[in-house]
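Asker: First the structure, which I've put down as structure tokens, then a few questions once you've had a look.
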Amino acid sequence: MSDATPFRPPSEAEEALIKETRLPLTGWQQEVDQGLTYGLEAAASIKDRSIPTFSRGELPHYAGINTFMKAPYLEDVREVGKYDVAIVGVPHDSGTTYRPGTRFGPQGIRRISALYTPYNFEMGVDLREQISLCDVGDIFTIPANNEKSFDQISKGIAHIFSSGAFPIILGGDHSIGFPTVRGICRHLGDKKVGIIHFDRHVDTQETDLDERMHTCPWFHATNMANAPAKNLVQLGIGGWQVPRQGVKVCRERATNILTVTDITEMSLDAAADFAIARATDGTDCVWISFDIDCIDAGFVPGTGWPEPGGLLPREALYLLKRIIRETNVCGMEVVEVSPPYDISDMTSLMATRVICDTMAHLVVSGQLPRTEKPAYIHAEANMAVDEPWQ
């Protein structure tokens, strides 16, 4: 046995062990110190003196207030520009056409996000040490009134975006895709945004059930000059839930669609290259709209329109990695998480993974933390970026 070649872990694991040594512990120590100050020192019988009497901070994972990853709750949203990333919930499911429950998506995602630490092993990223993150709570949506809710959503997202904080939206059904992009476009001036849309459904109908529902966001978003249809990339489309009315719009507007078969046959890297090239052609930034049902239904049962045959989690996460690291990302939303239909929080956990990976890739690619507002953010709001809706 002494002559045997010593075991060496694969290169990624070996690199991960080294990366961890380069990370500071400043944020962790600040959290401990604050916890002991605000939460009182522990009882005398507790040997680990970093533990307070009242839970403050990451540990224990089953306790505490459910903000996203236990990030600070920002009561005064006027101060959001002081943070690198702002998490905002949009508890709206009045746009659903089948199974409701996505109004509870933000709660479900926040609750299971407590399971995560801020550190990712493979990437060697510690979000607590490398960015400032806050949770601004939820936008006040209006039940049973999509248009009033859309107005609220656009105003809220425009506020966060214009502040310079990176907005991450917890949906909510996919009808919110239109007002979130509208909020972004209000502060783009003459700049343009490409949209990369992960989904099993095209979501390009003009109306559904006589309203702008979760099947309709991209028809209306791509009506705006700041969000051209030629820069809309749709990844994972397919199956038995793609209305022909929406297909007609995709054909007429020449959106860029890849099915799951396209992606697997051309390779993940080729699919990522395609998405990046089309979304960035003549645009200044990229918006990512991640519908959780793009993942195969066996992995994400807690959604409004589950469809078998979707992407595997590792496939979607790899595409996300390539796209975020190689484009100028201005924000993202994760939609269609419906906790009432979930099993063991697995859908909410998948959404959490998408969000945490996104933040880590932004750090690795140098997009976060920000030292100044991106040049594509225009200070003055253009409230007329979209056509009036009657």
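The first residue you see is number 1, and the count goes up from there.
Each residue, glycine too, has its Cβ placed from N, Cα and C.
Pulled these from Swiss-Prot:
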- H174, D199, D203, D291: Ni(2+) 1 binding site (BINDING)
- D199, H201, D291, D293: Ni(2+) 2 binding site (BINDING)
Asker: Count the other Cβ atoms sitting within 10 Å of the Cβ of D293 (Ni(2+) 2 binding site), across every protein chain shown.
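Answerer: Cβ-Cβ neighbours of D293 (Ni(2+) 2 binding site) within 10 Å number 28.
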Asker: In the same chain, which residues outside the set D199, H201, D291, D293 have their CB within 8 A of the centroid of the CB atoms that define the Ni(2+) 2 site?
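Answerer: Leaving out the recorded residues gives H174, F198, R200, D203, G236, I292, C294, W305, E307, E336.
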Asker: Going by Cα-Cα distance, pick out whichever of the binding-site residues H174, D199, D203 is nearest to D293 (Ni(2+) 2 binding site).
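Answerer: Answer for the nearest of the binding-site residues: D199.
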Asker: In sequence order, which residues at least six apart in the same chain have a CB under 8 Å from the CB of H174 (Ni(2+) 1 binding site)?
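Answerer: Long-range Cβ contacts: G95, D199, H201, D203, H214, T215, P217, S289, D291, V335, E336.
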Asker: Rank the binding-site residues D199, D203, D291 by the number of other Cβ atoms within 10 Å of each Cβ, and give the residue at the low end.
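Answerer: Each of the binding-site residues D199, D203, D291 was scored; lowest Cβ tally within 10 Å is D199.
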Asker: Report the residues of the chain - excluding H174, D199, D203, D291 - with C-beta within 8 Å of the mean position of the site's C-beta atoms, for the recorded Ni(2+) 1 site, in sequence order.
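Answerer: Output for this site, in sequence order: G177, H197, F198, R200, H201, H214, P217, S289, D293, C294, V335, E336.
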